[in-house]
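Per Swiss-Prot, these features apply:
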- LYS152: active site, proton acceptor (ACT_SITE)
- HIS271: active site, proton acceptor (ACT_SITE)
- ASN100, THR150, LYS154, ARG272, HIS304, SER356: substrate binding site (BINDING)
- LYS178, ASP180, GLU181: Mg(2+) binding site (BINDING)
- LYS178: N6-carboxylysine (MOD_RES)
- LYS311: site 'Transition state stabilizer' (SITE)
Amino acid sequence: YYTPEYKTKDTDILAAFRMTPQPGVPAEEAGAAVAAESSTGTWTTVWTDGLTSLDRYKGRCYDIEPVAGEENQYIAYVAYPLDLFEEGSVTNMLTSIVGNVFGFKALRALRLEDLRIPPAYSKTFMGPPHGIQVERDKLNKYGRPLLGCTIKPKLGLSAKNYGRAVYECLRGGLDFTKDDENVNSQPFMRWRDRFLFVAEALFKSQAETGEIKGHYLNATAGTCEEMMKRAVFARELGAPIVMHDYLTGGFTANTSLAFYCRDNGLLLHIHRAMHAVIDRQRNHGIHFRVLAKALRMSGGDHIHAGTVVGKLEGEREVTLGFVDLLRDDYIEKDRSRGIYFTQDWVSMPGVFPVASGGIHVWHMPALTEIFGDDSVLQFGGGTLGHPWGNAPGAVANRVALEACVQARNEGRD
């Protein structure tokens with residue numbers, strides 16, 4: 001399984017693993033073990049191996065490089081033949097590549113840093129229900145980032161008070177408000193009541209401002225059937241957008257919801273709750289850029305992508321690396337930004353990155369510069385924390401945003 005002479009094919013799925021072998025285990029052996037365990041291998045030779053062509057189906061570790069500045073850490077590059085994966089299934093792709101290998105005895109730690117998805121595979125996915133351009137056309141909003149706000153306190157408000165908070169924010173000039181990721185259907189606010197009061201807030205604020213407004217109605221639920229029921233109800237109310245927690249809800253549920261949203265003209269906002277459990281450790285887990293690529297394939301029109309400046313962790317260059325992987329069509333390999341492979345999405349629609357978490361108006365110049373126009377800037381406490389209330393907080397955000405955009409367009413600081 002360690003084959004340094006192997007030339008990768010255009011149809012191979014390529015993976016870059018950061019591996020820390022146990023003391024005494026050579027890097028080549030560890031790399032081969034990763035390739036074997038995540039493809040056709042098992043711990044011993046079995047007679048049924050003779051009934052198939054392992055050469056055709058096995059994963060191959062084709063390169064290993066030591067990580068600069070780290071002791072006993074290596075980047076192992078593994079190529080997987082396309083036929084190992086079911087078409088159009090992120091679930092199957094991740095089950096194969098990261099399903100079993102992370103508990104391996106020969107490794108002290110293992111992290112999936114990046115994946116190269118070949119066009120032959122990405123073309124089997126629908127991708128985002130609508131994408132950046134279609135969303136702008138639906139909302140009739142151009143030439144600036146979109147503004148959002150998560151309604152706080154995230155838990156405990158009644159549906160009517162919740163709807164009022166939504167109305168105040170949208171009236172003040174925001175484009176979107178948002179259910180917090182853990183607002184589903186709790187005793188203090190059942191989902192149907194929330195959807196009804198929020199729809200009222202949407203239409204009232206639209207009538208007043210003459211702008212199209214949205215609220216990310218969280219359709220995440222305990223079963224896929226219940227999730228779809230909520231999405232259907234949101235569509236019947238005339239809401240423009242629903243929301244899903246894609247890691248806790250799962251990729252299968254997410255892809256089903258994305259198909260429904262595309263067929264029925266709903267935008268889909270994706271929250272990444274639970275991502276830090278998977279991506280925060282530097283030497284073990286899965287890097288968020290892989291989770292972001294997986295989401296673009298599974299389907300979503302917005303996804304949270306860190307802020308570079310707020311309360312949550314995120315390094316600037318690396319964050320911009322996966323922001324580009326979400327938005328752009330073709331992304332060159334660039335190790336300084338953590339991009340291990342050139343990725344060609346062959347015209348799959350892009351995803352709006354959402355900057356959210358501890359940001360406020362003072363961050364606006366930095367945010368517009370870092371994220372550019374195709375992004376959603378989401379201020380929770382940064383809107384609702386305004387001493388005069390939600391609507392003035394929303395006004396402050398909108399004014400700050402338009403000032404920054406105007407300054408940029410006129411070439412002023």
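Glycine too: its Cβ is placed from the backbone N, Cα and C atoms.
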Counting Cβ atoms within 10 Å of each Cβ, the densest environment among the recorded positions LYS152, HIS304 belongs to HIS304
LYS154 (substrate binding site) to ASP180 (Mg(2+) binding site), Cα to Cα, whole Å, comes out at 6
Keeping only the recorded positions of ASN100, THR150, LYS152, GLU181 whose C-alpha lies within 10 A of that of HIS271 (active site, proton acceptor) yields GLU181
By the 10 Å Cβ-neighbour count, the most surrounded of the binding-site residues LYS154, LYS178 is LYS178
Rounded to a whole number of Å, the separation of the Cα atoms of SER356 (substrate binding site) and LYS178 (Mg(2+) binding site) comes to 11
Filtered by Cβ under 8 Å and at least 6 apart in sequence, the residues in the chain of GLU181 (Mg(2+) binding site) near it are ASN218, THR220, ASP245, HIS271, ALA273
Same chain, |i - j| six or more, Cβ under 8 Å of ASP180 (Mg(2+) binding site); the result in sequence order is THR150, ILE151, LYS152, LYS154, LEU155, ASN218
Whole-number Å distance separating the Cα atoms of HIS304 (substrate binding site) and LYS178 (Mg(2+) binding site) is 12
Rounded Cα distance in angstrom between ARG272 (substrate binding site) and LYS178 (Mg(2+) binding site) is 14
Note: in the chain of ASN100 (substrate binding site), residues six or more apart in sequence with C-beta under 8 angstroms of its C-beta are GLU37, SER38
Same-chain shell around Mg(2+) excluding LYS178, ASP180, GLU181, C-beta within 8 angstroms of the CB centroid, reads THR150, ILE151, LYS154, ASP179, ASN182, VAL183, TYR216, ASN218, MET243, HIS271
